[in-house]
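What follows is a set of notes on a single structure, which appears directly below.
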Amino acid sequence: MSGIKTLGQFIIEKQADFSYAKGELSRLLRDIGIAAKIVNREVNKAGLVDILGDAGTMNIQGEGQKKLDIYANTQFISALTSGGECCIVATEEEDDFVRIESPVSKNAKYIVCIDPLDGSSNIDVNVAVGTIFSIFRRKSIEGTATLADVLQKGTEQVAAGYVIYGSSTMLVYTTGKGVNGFTLDPSIGEFCLSHPDMKIPQDGCIYSINEGNYVHFPEGVKKYIKYAQVHDAASNRPYTSRYIGSMVADIHRNLIKGGIYIYPTTASSPNGKLRLLYECNPMAFIVEQAGGRASDGFNRILEIEPNELHQRASIFIGSEKMVRMAEEMMAAEYVEKVVTVQSA
Ligand code: AHG
Ligand code: MN
Ligand code: MN
């Protein structure tokens, strides 16, 4: 075991960095790690047991739920309930937030927003999926926590992370002091530190976007795609296009190699598709902590004021230079529109 540092050891070692509630946040992260291992076990044997396919139900956003969506949701809620540090879970799979009311969570101070299974359309075809989580400290001091405790800006996150169930399983998280990645060693059943202090390259040559929606994209995004496809040896263009369809997997790859992931507004999703609280905010916190950038094309994701649980946002996230370039093109489109309206 010499030289190996497990997630549990690392969390304890780093808890001195937390400004408050040291043991509690550590325990919460540990609980999430435990649930991730249970979900990982099921994801890995998905082809062997009757857990593939549709559950025959819909979530509040009208999306069909997979059996594994529901399984993962249940596992995370259950781990957070037994752990006793979380008072509310807001999850993609439940219409309303879930209040945790168990004797052990009487004094719980944390809110967890979670996408229990990200990229679930990929489960049935053996492609990487993930889990995304965001942790806030409750704002209210007395009584039961409320929706207002959940609807906090991304800048208020005390921790965020994701798990990727891919060719190996990794847990990557931040508590606002850099980003660290742990790979699950199945032989000992532990997440082990494998990617200390992760940094995203400032520039890259991968762009990730569902280009099938091209006709419905804002002009600024269309311009950026064309820019990505132009030959220019000095800036390594044309870029490489890579799109998995699991946000976690696409952003994880770009975090390591350098790149940009865009899910803009489209005609059918005028506010974007991805959810602010449990997809955009946590990924933005991680990428910023790794030295990258995340916006909705105009404004920093982490500064968007949430007003509903399942609120959506467009997202431009990844290497600093690439995101800035895409933002410039979005801004130019906006100016063009204003000028056209004024001169009409
Ligand atoms: P989820 O499976 O949690 O609903 O998330 C799916 C999301 C995201 O992971 C992915 O990048 C995106 O939807 C893919 O959407 P398109 O199929 O529209 O490209
Ligand atoms: Mn998702
Ligand atoms: Mn999901």
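A Cβ is built for glycine as well, from the same backbone N, Cα and C atoms used for every other residue.
As recorded in TrEMBL:
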- GLU92, ASP115, LEU117: Mg(2+) 1 binding site (BINDING)
- ASP115, ASP118, GLU279: Mg(2+) 2 binding site (BINDING)
- ASP118, GLY119, SER120, SER121, ASN210, TYR243, LYS273: substrate binding site (BINDING)
- 5-196: domain 'Fructose-1-6-bisphosphatase class I N-terminal' (DOMAIN)
- 200-330: domain 'Fructose-1-6-bisphosphatase class 1 C-terminal' (DOMAIN)
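Known features from TrEMBL, placed on the structure.
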| residue | record | CB count, 10 Å |
| --- | --- | --- |
| GLU92 | Mg(2+) 1 binding site | 26 |
| ASP115 | Mg(2+) 1 binding site | 29 |
| LEU117 | Mg(2+) 1 binding site | 31 |
| ASP118 | Mg(2+) 2 binding site | 28 |
| GLY119 | substrate binding site | 20 |
| SER120 | substrate binding site | 24 |
| SER121 | substrate binding site | 13 |
| ASN210 | substrate binding site | 14 |
| TYR243 | substrate binding site | 16 |
| GLU279 | Mg(2+) 2 binding site | 27 |
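A mean pLDDT of 91 is what the model gives for the domain 'Fructose-1-6-bisphosphatase class I N-terminal' (5-196).
Taking the Cβ of LYS273 (substrate binding site) as reference, residues of its chain lying under 8 Å away and at least six apart in sequence are, in sequence order, TYR263, THR266, ARG312. A Cα-Cα distance of 11 Å separates GLY119 (substrate binding site) from GLU279 (Mg(2+) 2 binding site). The 6 Å Cβ screen around ligand 2 retains ASP115, ASP118, GLU279 from the binding-site residues ASP115, ASP118, SER121, TYR243, GLU279, ordered by sequence position.
A straight line from the CA of ASN210 (substrate binding site) to the CA of GLU279 (Mg(2+) 2 binding site) spans 17 Å. Across the structure, SER120 (substrate binding site) and GLU279 (Mg(2+) 2 binding site) are spaced 14 Å apart at their Cα atoms. Among the binding-site residues ASP115, SER121, ASN210, residues whose Cβ is positioned under 6 Å from ligand 3 are identified as ASP115. Proximity to ASP115 (Mg(2+) 1 binding site), defined by a C-alpha to C-alpha distance within 10 angstroms, is shown by the following binding-site residues from SER121, TYR243, GLU279: GLU279.
Here GLU92 (Mg(2+) 1 binding site) is positioned 10 angstrom away from ASP118 (Mg(2+) 2 binding site), judged by their C-alpha atoms. Neighbouring residues of the recorded Mg(2+) 1 site, listed in sequence order and excluding GLU92, ASP115, LEU117, comprise ASP69, ALA72, ASN73, THR91, GLU93, ILE114, PRO116, ASP118, SER120, THR131, ILE132, TYR278, GLU279 (Cβ within 8 Å of the Cβ centroid).
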